[in-house]
Ligand code: NA
Ligand code: NA
């Protein structure tokens with residue numbers, strides 16, 4: 001049951017991150033379009049074609065989205081953190097398996113578990129340090145450049161996603177360890193989910 | 001132990017960890033942490049950096065390109081563009097000797113123009129072309145090898161995730177690198193087609209033949225591929241002409257491909273979700289390696305190893321061409337064991353200063369671009385060299401009936417074609433650079 | 001650690017900053033400073049230099065790196081972390097600067113009066129300076145305020161960002177290294193930077209117009225050159241004395257003056273290319289100054305909201321510069 005719950009959680013985060021990514025893509029396109037129209041309105045080409053048309057275009061206030069870079073940066077960090085759980089749960093991290101095919105079975109199982117635990121520990125460490133980093137940003141009252149929203153807001157969103165990644169990481173480490181000790185399979189390994 | 005010695009020692013340690021199946025990003029993190037700790041006596045530097053560096057790596061504006069290009073590739077996969085590309089190529093080439101395989105390569109080149117990743121290109125085109133190849137009597141090993149090699153066109157033809165990372169590591173212009181990759185990418189496709197025609201003449205039993213298609217039908221098939229041309233023109237053309245930054249170009253490409261996929265009716269909600277999950281997996285994998293490489297490279301810089309090494313190489317008075325050859329041989333050897341992204345992140349901070357310090361009779365920018373394209377090719381060869389070749393694995397997973405050994409055997413022909421191309425590009429830098437006006 | 005106090009101890013200081021080693025500030029300010037310290041300490045202090053963020057992180061992280069002791073010395077831009085050094089922003093207000101040398105001197109003095117226990121309390125400042133007068137570099141000539149209308153422009157600081165959007169331009173945010181590509185492709189139409197930076201970014205080859213405000217500069221940027229507190233405190237007294245003798249007001253003034261001196265080369269190169277240098281007259285500057293007053297008032301109000309007497313800071317800065 002627990003394994004299904006964790007799988008769903010990881011999936012949910014991946015989809016949420018994907019939706020944020022989609023939103024950022026849309027934002028960027030709107031900004032590019034706005035900037036393009038703004039340039040067109042100021043261009044000699046349109047002005048010579050129709051002075052009033054050019055003026056009207058500019059008068060609509062069309063232009064790039066203010067602070068698009070900042071929004072993109074804040075959003076994409078959340079996205080990447082949200083993508084971490086599914087990658088760990090489905091063992092998406094890049095490894096080199098060329099030599100291990102010659103290892104005895106027990107060694108491979110041990111190594112798998114060992115790295116899984118270490119990876120989970122690293123994700124916990126990252127989450128903790130991210131929290132400390134967020135605290136720094138709060139304390140020093142840093143803001144972004146153009147929109148001037150507090151930088152810690154962006155950290156907080158990322159921290160939220162990192163917390164979920166930590167939960168999934170702990171589950172992976174514990175499940176793997178129990179498997180190693182008992183020899184039973186707990187994690188579904190997302191079988192049947194292979195695309 | 002001195003910092004420099006620690007720097008040199010970290011490399012074998014890292015390799016041992018990786019060959020003991022440590023996730024590559026994790027292994028780099030461990031070496032970065034361990035190195036900094038041993039060097040300074042405390043973990044403070046690592047801990048301090050970790051407060052903000054994860055966020056700053058994950059929020060990097062220029063790296064945002066990566067999830068966007070990956071999502072674009074996913075949408076392209078679900079848009080039906082892969083099959084119309086293959087149909088168009090097949091209608092023109094299919095009746096020739098080895099023609100269906102050539103068509104697969106051509107379609108891979110077309111798909112590579114809208115997809116930034118080799119694996120996605122190999123997987124997508126295999127889904128379309130593998131059944132067709134088998135239907136026309138192509139042998140299993142030859143079919144899988146063709147698609148594995150064709151898949152590398154996903155990276156060799158711009159846009160390309162690896163080139164983006166190279167550009168960021170070496171502070172080069174992404175648009176210029178994309179432009180420079182174009183002709184070598186086309187040469188790769190042509191080289192593969194020549195390889196196919198040689199192979200089918202040597203092993204006639206490996207390929208069947210097919211009736212020619214009437215010209216009217218060929219033209220109709222060509223008309224079907226306009227979305228690919230549109231997206232490629234918009235993204236790569238737009239980036240080069242300055243309509244937008246590379247990151248914005250990736251966003252426009254992803255949005256455009258998504259809309260086309262929606263219009264094609266192939267992109268259902270389930271496929272949309274599937275695209276998200278696939279993008280999430282690859283993105284997290286890539287960024288985790290980038291994060292680890294950032295920490296490891298920070299340690300290497302502190303150890304002064306890259307400076308010492310490049311100073312030593314220059315001091316020895318080796319010929320620049322010999323150094324370049326050794327570096328490329330190193331990549332070929334390591335490519336048999338490691339994946340391309342990890343190799344780039346791991347080695348460019350070490351090799352790039354070495355190459356930059358040598359005189360090839362070109363401007364520093366041209367050397368950087370030319371070296372980047374050649375390295376791109378040699379690391380991509382790694383995707384199809386046995387035993388560890390990600391493209392080989394992907395396609396093998398899709399065609400369980402073909403033993404890996406047969407794929408290995410047939411793919412060596414394509415590897416040979418790659419090596420010949422590398423030699424040509426090394427001897428004639430202008431093939432890579434002439435589009436840049438140099 | 002059994003070294004007795006009589007035995008001279010080797011100290012290695014790691015200096016981390018964001019520009020490549022051959023850029024003006026590393027070459028003409030930081031390297032000479034470091035060389036001098038090494039020489040005067042007879043090599044007991046070694047300063048390892050890590051340019052271009054080699055040790056990792058992005059430029060805004062430099063200040064935390066030195067506070068945490070991840071590195072020992074950093075050179076950074078105060079405005080990389082908007083909101084964190086509110087008092088240092090007073091020197092970035094429009095039309096505050098006359099010349100970089102006297103302003104850098106004033107910056108150090110005002111910092112000693114008001115900032116060492118506030119903005120700068122977590123590290124030890126070694127030098128505080130500003131660069132030469134900011135110049136507008138644009139593809140179309142900008143002669144009057146009206147010419148700014150709709151211009152997509154990369155502004156260097158939080159304050160100039162406000163200034164230019166108040167004046168009708170469209171500020172576009174991007175890191176400095178992205179400027180050349182953005183300019184060459186029309187992603188932005190103009191960039192506001194001092195001449196000194198222009199050479200490295202080849203801006204004078206990408207645009208043909210440069211608007212100068214002689215004697216009463218449009219803006220400048222506050223820099224911070226700082227050392228980790230614990231690392232400094234742990235130095236033996238004679239080495240502390242060497243650091244102290246080479247830091248502070250005079251060094252800051254030297255650094256500011258050097259940056260303004262470095263403006264000359266790229267400016268001459270632009271003139272040689274036949275670029276259009278638009279020199280604003282005092283009357284024209286007065287118009288700009290009037291238009292900029294709103295931004296200054298806004299800044300003072302912001303400071304008030306933070307419990308800082310912005311007006312007093314601004315007046316005191318002007319007073320220090322006049323002396
Ligand atoms: Na591509
Ligand atoms: Na390989």
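Start at 1 and count along the chain as shown; that gives each residue its number.
Using N, Cα and C of the backbone, Cβ positions are placed for all residues, glycine too.
Just so you know, TrEMBL annotations are computer predictions that nobody has curated.
What TrEMBL records for this protein:
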{"type": "DOMAIN", "residues": "B:13-430", "note": "domain 'TRAP C4-dicarboxylate transport system permease DctM subunit'"}
{"type": "TRANSMEM", "residues": "B:6-39", "note": "transmembrane segment"}
{"type": "TRANSMEM", "residues": "B:60-81", "note": "transmembrane segment"}
{"type": "TRANSMEM", "residues": "B:101-124", "note": "transmembrane segment"}
{"type": "TRANSMEM", "residues": "B:145-168", "note": "transmembrane segment"}
{"type": "TRANSMEM", "residues": "B:174-200", "note": "transmembrane segment"}
{"type": "TRANSMEM", "residues": "B:221-243", "note": "transmembrane segment"}
{"type": "TRANSMEM", "residues": "B:249-269", "note": "transmembrane segment"}
{"type": "TRANSMEM", "residues": "B:281-299", "note": "transmembrane segment"}
{"type": "TRANSMEM", "residues": "B:319-337", "note": "transmembrane segment"}
{"type": "TRANSMEM", "residues": "B:344-362", "note": "transmembrane segment"}
{"type": "TRANSMEM", "residues": "B:368-398", "note": "transmembrane segment"}
{"type": "TRANSMEM", "residues": "B:410-436", "note": "transmembrane segment"}
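Using a cut-off of 8 Å between Cβ atoms, the transmembrane segment (B:221-243) and the transmembrane segment (B:6-39) share fewer than three residue pairs, counting only pairs 6 or more apart in sequence.
Remote same-chain partners of the transmembrane segment (B:249-269), defined as residues 6 or more beyond its termini with a Cβ less than 8 Å from a stretch Cβ, comprise 64-65, 68-69, 71-72, 75-76, 78-81, 114, 116, 159, 227, 230-231, 234-236, 238-239, 243, 275. Counting residues 6+ beyond its ends, the transmembrane segment (B:319-337) has Cβ neighbours under 8 Å at 19, 313, 343, 347, 351, 354-355, 358-360, 371, 374-375, 378-379, 381-383, 385-388, 419, 422, 426 in the same chain. A contact links the transmembrane segment (B:60-81) to the transmembrane segment (B:145-168), because at least 3 Cβ pairs that are 6 or more residues apart lie under 8 A. Here the transmembrane segment (B:174-200) sits against the transmembrane segment (B:145-168); at least 3 CB pairs are under 8 Å, leaving out pairs fewer than 6 apart in sequence. Averaged across the domain 'TRAP C4-dicarboxylate transport system permease DctM subunit' (B:13-430), the predicted model reaches a pLDDT of 91. If one looks beyond the transmembrane segment (B:145-168) by at least 6 residues along the same chain, the residues whose Cβ comes under 8 Å of a Cβ in the stretch are 60, 62-63, 65-66, 69-70, 73, 101, 104-105, 107-109, 111-123, 125-126, 129-130, 133, 138, 174, 177-179, 181-182, 184-186, 188-189, 192, 195-196, 235-236, 246, 249-250, 253, 286, 290, 340-341, 344-345, 348, 372, 375-377, 379-381, 383-384, 389, 391-392, 394-395, 407, 410-411, 413-414, 417-418.
If one looks beyond the transmembrane segment (B:368-398) by at least 6 residues along the same chain, the residues whose Cβ comes under 8 Å of a Cβ in the stretch are 118-119, 122-123, 126-127, 130, 144-145, 147-149, 151-152, 155-156, 160, 162-163, 166-167, 170, 172, 176-177, 180-181, 184, 188, 324, 328, 331-332, 334-340, 343-344, 348, 352, 355-356, 360, 362, 404, 407-408, 411, 414-415, 418-419, 421-422, 425-426, 429, 432-433, 436.
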